[in-house]
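Student: Sharing the feature lines straight out of TrEMBL:
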COMPBIAS  410-422  compositional bias 'Basic and acidic residues'
COMPBIAS  424-433  compositional bias 'Low complexity'
REGION    410-444  region 'Disordered'
TRANSMEM  36-58  transmembrane segment
TRANSMEM  166-185  transmembrane segment
TRANSMEM  206-229  transmembrane segment
TRANSMEM  235-258  transmembrane segment
TRANSMEM  270-298  transmembrane segment
TRANSMEM  318-338  transmembrane segment
TRANSMEM  350-373  transmembrane segment
Amino acid sequence: MKFPGSVLASVFLFVAETTAALYLSSTYRSGGDGMWQALTLLFSLLPCALVQLTLLFVHRDFSRDRPLVLLLHLLQLGPLFRCFEVFCIYCQSGHIEEPYVSITKKRQIPKNGFSEEIEKEVGQAEGKLFTHRSAFSRASVIQAFLGSAPQLTLQLYISTLQQDVTVGRCLFMVLSLLSIVYGALRCNILAIKIKYDEYDVKVKPLAYVCIFLWRSFEIATRVIVLVLFTSVLKAWVVMVVLVNFFSFFLYPWILFWCSGSPFPENIEKALSRVGTTIVLCFLTLLYAGINMFCWSAVQLKLNNPDLISKSQNWYRLLAYYMLRFIENAVLLLMWYLYKTDIYMYVCAPLLILQLLIGYCTAILFMLVFYQFFHPCKKLFSSSVSEGFRQWLKCVCCNCRQQKAHESVGKTDLRSTGDRDETPSSSKISSVPSQILNADELCSA
């Protein structure tokens, strides 16, 4: 049975970040910074409450008679209890013989064009561990993008205004960044397992390293760009955030309304129509929060029973990163034009170049992951390198066609000029001009 390392990592980040937030808020209170204290507590306690609700929802404890579990979640101790429960199940799994097992069928990743179907026995203990891992994965994503991401942006903004980074704040920002990167990594793994649910997917360690580097560069550069822009244009950042948020929040709903599909009723049997609407709104809220800082790796599809599109859309991925790169460049340009005296000793052009190169480095690691380390790359209809070759061919063909049109236009202008200069010999000069047109068209 696989060691529940992901559960341990999720609980460690949850406890460490909450403890650091409480300590830092106490320092803000002692320093008389009431607003920073309130915002720090808000971005810490709100995701804590959402994590408790997520764990209760996934384990369906609302409809079960477990008052002690509900009390522990109310006291914000739910993740610690669940972690203890996970390791109790893991330690007892090898000593107790299970009377009932279920058989699951998975297909192997094709090798040499052939794919075999394998059967695996899953006991009750392993099934419970799977549920716990799934719950903690979703809780990590919620904590990362509804708590850690705005928290990291806030603390970096405070450090920029005060031009000082304390040890506690530095440690807190490192924990927040690790939490966001881990949440983004869980997004990638969840997307792979949902899209290729019928296959036995095994992610290699190098794939984890590549995803970690990709997400680290992407998220770090995005947060720094937002903080720099906010420090000089506080009013305009509200518009930037609202446009980004509502674009990603409304996009799945617009696609759902345009499809004409009926309202999804199969999310949870115990939920009413109002409860289902609340859950869907929360999912789109989380989807918008993820895409504010990085690529979500999944596409919400509300008319799908799984609520997630299983198709790999490379054009949407390309459009996202192109638009995000342009947006980052524009925000950095606005910061450069309106920067204040607090950046007197900062080499602005060098900083802009470093941030843009950092974002391009993230894109490079993403391409490396999809080309070499994706566990299901053999199932892709086209690889990254093939898509890049096709894009180069399209660019070259367009350039050749443009040059051909330009040469034809120049030839027409030249022949018209010759006819205007020697009108009496138009019949004689028409033949060479036609030969010239044909030769130039062939050369083009």
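Placed from the backbone N, Cα and C atoms, the Cβ positions cover glycine too.
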Student: Short question: which residues 6 or more past the ends of the transmembrane segment (206-229) have a Cβ under 8 Å from it?
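Tutor: Distant Cβ neighbours of the transmembrane segment (206-229) are 149, 152-153, 156-157, 160, 177, 180-181, 184-185, 188, 236-237, 240, 293-295, 324, 328, 331-332, 334-335, 355, 358-359, 361-363, 365-366, 368-369, 372-375.
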Student: Under 8 Å between C-beta atoms and at least six residues away from its ends: which parts of the chain pack against the transmembrane segment (270-298)?
Tutor: 60, 62-63, 141-142, 145-146, 149, 180, 184, 187-188, 190-191, 194, 215, 218-219, 222-223, 241, 244-249, 252-253, 263-264, 307-309, 317, 320-321, 366
Student: By a Cβ-Cβ criterion of under 8 Å, what residues six or more beyond either terminus of the transmembrane segment (235-258) are in contact with it?
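Tutor: For the transmembrane segment (235-258), the far contacts come to 226, 229, 284-285, 287-289, 291-292, 300-303, 331, 334.
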